[in-house]
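Copied over from Swiss-Prot, here are the features:
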type	residues	note
DOMAIN	1-73	domain 'Disintegrin'
DISULFID	Cys6-Cys21	disulfide bond
DISULFID	Cys8-Cys16	disulfide bond
DISULFID	Cys15-Cys38	disulfide bond
DISULFID	Cys29-Cys35	disulfide bond
DISULFID	Cys34-Cys59	disulfide bond
DISULFID	Cys47-Cys66	disulfide bond
Amino acid sequence: EAGEECDCGSPANPCCDAATCKLRPGAQCADGLCCDQCRFIKKGTVCRVARGDWNDDTCTGQSADCPRNGLYG
């Protein structure tokens, strides 16, 4: 929703302040395939294994999302 940095549904999330829906100090992310322990996963880390002849999708190091690289190998 507008103004939210993270999903504040669970007070147990160590990366997200459930009262404000903002990331806790020092956190880069709260969830996502490229988020681990509140930090973006290193660029080039496989976040989605390829199917068929397509290449694996990898983290960018700048986002918690796992982009679809869409490259045919």
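Note that Cβ sites are derived from N, Cα and C of the backbone, with glycine treated the same way.
Just so it is clear, the model here is predicted, and its values are computed rather than measured.
The Cα of Cys47 (disulfide bond) lies closest to that of Cys35, out of the disulfide-bonded residues Cys6, Cys15, Cys16, Cys35. The average pLDDT computed over the domain 'Disintegrin' (1-73) stands at 90. Broken down by DSSP into helix, strand and coil, the domain 'Disintegrin' (1-73) contains 0 helix, 15 strand, 58 coil. When the disulfide-bonded residues Cys15, Cys34, Cys35, Cys38, Cys59, Cys66 are screened for a Cα within 10 A of the Cα of Cys6 (disulfide bond), the ones that qualify are Cys15. Within 10 Å of Cys66 (disulfide bond), judged by CA to CA distance, lie the following disulfide-bonded residues from the set Cys8, Cys16, Cys35: Cys35.
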